[in-house]
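According to TrEMBL, the protein has these features:
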TRANSMEM  20-49  transmembrane segment
DOMAIN    24-505  domain 'Major facilitator superfamily (MFS) profile'
TRANSMEM  69-88  transmembrane segment
TRANSMEM  100-119  transmembrane segment
TRANSMEM  164-193  transmembrane segment
TRANSMEM  213-232  transmembrane segment
TRANSMEM  343-365  transmembrane segment
TRANSMEM  372-393  transmembrane segment
TRANSMEM  405-427  transmembrane segment
TRANSMEM  439-462  transmembrane segment
TRANSMEM  482-500  transmembrane segment
Amino acid sequence: MAGGQLNVLSTLDQAKTQWYHFMAIVIAGMGFFTDAYDLFCISLVTKLLGRIYYTDDSKDTPGALPPNVSAAVTGVALCGTLAGQLFFGWLGDKLGRKSVYGFTLILMVVCSVASGLSFGSSAKGVVSTLCFFRFWLGFGIGGDYPLSATIMSEYANKRTRGAFIAAVFAMQGFGILFGAIVALAVSAGFRHAYPAPSYSDNHAASLVPQADYVWRIILMFGTVPAALTYYWRMKMPETARYTALIARNAKQAAADMSKVLHTQIEESADRAETVAVGGESWGLFSRQFLRRHGLHLLATTSTWFLLDIAFYSQNLFQKDIFSKVGWIPPAKTMNALEELYRIARAQALIALCGTIPGYWFTVAFIEIMGRFWIQIMGFAMMTAFMLGLAIPYHHWTTRGHHTGFIVMYGFTFFFANFGPNSTTFIVPAEIYPARLRSTCHGISAAAGKAGAIIGAFGFLYAAQDQHKPEPGYPRGIGIKNALFVLAGTNFLGTIMTLLVPESKGMSLEVISQEVADGDDEEAAYPK
């Protein structure tokens, strides 16, 4: 490792914040808006799917998805996301960030529409096609993680890079809220147009035939924001760091950035060849990588894994938790569309009061507090609030205390997003060499999705009552004990964060040891 910084990269690091940066945030952010909508809107409609395809009018309670079906419908997109993160992360380093960026968006649009058009003459047929298309939807979503993070980190200046990457990720909050708003609007419209009695009053009449359109409309609506940004994604130039450091064409990188920064950047054609680029002679599975970045990869994978166990458990099964604590009435006291409306209203409230503010607190404070301290604080506070829910759980479930439970529950979302849910996305986009940046971010994100899969499949069974589980489910450990387990995973996340390096205010090349930069080189990995 030796040599100075390329002119084009120094110019990017020192560039003033301008319109080009905000355009990049919007273009990359709308991908995450769509990602969140597509991943979490399924939790809004699973109760409705159970009523439509699994109701037996001879029973006193409306139909629900069987355990294996519920787990598959909820978790299959996460499996696709994990595969997509690994594949597109690797591809982003091999072919370039931009060249595969548009393909992920097309895949998301097509599969989102196809999910809503799931066909079949039986419940099994509909669910099978739904799961098939949601897997490939997740595959496209997976590509958005490493590509969007890497593109934003490589476009940004070093003073505000963390805030810009956080702003891209913060669009997830608006995607979750938008999903709830769409579900509210669609369910309210159909409920008004096709009034129906509650299930307890009339089993058959509580589910109107038109309800089958409702979940399809909700799933397909996520294509709109994604499709709107496709043109602008294709107009974005390749990042200068890929062009200069990996494609070895510093002159082209300077020309591309001169256009977007509206300033003249001079770089000789052979300049890249004269700069020693760290990591050129070794790869991901080498001793050199293990020595320089082994602990960092352990840190970014383990913290994201632990965070997503808790985060996805909370998000995907909000409706079940709210029902069990009594915030949403028993299913038999409502018709199908009324239940969907109440679930969407609860998710919208949590998103407005906890999820979205947490994301934007990170944007506001990450360049002040740094990545390390925000992540430590977030994990610690999530642990505290989970214990605050679990220890007096029976108190929260008694009449008159439901509001307190929701407030505490909302704070766990706030500190997830003003904490590790944001920083685990940001740090892997900053600390690895350019030629492995997208790959390592994809690996870290895939570890997170492995945790999400555990949360999606495991929490569904673990939260079942120890003595009286729901029909079709084995006995679980109950929600109270499940909350204790989630508190434990958050505490482990706090411990593993001690391995996470601070990258605030430094050039990407200095952080990853690709260039020497005087005294800054010694500070490449502070705590």
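Just so you know, glycine gets a Cβ as well, placed from its N, Cα and C.
Remember, TrEMBL labels are computer predictions, not curated facts.
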Cβ-based contact of the transmembrane segment (405-427) with the transmembrane segment (20-49), 3 or more pairs under 8 Å: no
Integer mean pLDDT for the domain 'Major facilitator superfamily (MFS) profile' (24-505): 88
Interface present between the transmembrane segment (482-500) and the transmembrane segment (164-193) (three or more C-beta pairs under 8 A): no
Residues from the same chain, set at least six apart from the ends of the transmembrane segment (213-232), whose C-beta lies under 8 A from its own: 23, 26-27, 30-31, 33-34, 37-38, 41-42, 44-45, 48-49, 52, 102, 105-106, 108-109, 112-113, 115-118, 175, 178-179, 182-183, 186-187, 190, 337, 340
Sequence-remote partners of the transmembrane segment (20-49) [C-beta within less than 8 Å, at least six residues beyond its ends]: 64-65, 70, 73-74, 77-78, 81, 104-105, 108, 112, 127, 134, 137-138, 141, 144-145, 148, 151-152, 155-157, 160, 164, 167-176, 178-180, 182-183, 211, 214-215, 218-219, 221-223, 225-226, 228-229, 232-233, 236, 260-261, 315-319, 331, 336-337, 339-340, 343-344, 347
Cβ-Cβ under 8 Å with the transmembrane segment (343-365): same-chain residues at least 6 beyond its ends: 40, 43-44, 47, 163, 166-167, 169-170, 172-174, 176-177, 179-181, 183-184, 187, 318-319, 322, 327-328, 374, 406, 409-419, 421-423
Cβ-Cβ under 8 Å with the transmembrane segment (439-462): same-chain residues at least 6 beyond its ends: 67, 70-71, 74-75, 78-79, 81-83, 85-90, 92-93, 142, 145-146, 149-150, 284, 293, 297, 300-302, 304-313, 316-317, 320, 424-425, 428-429, 432, 473-474, 476-477, 481-482, 485
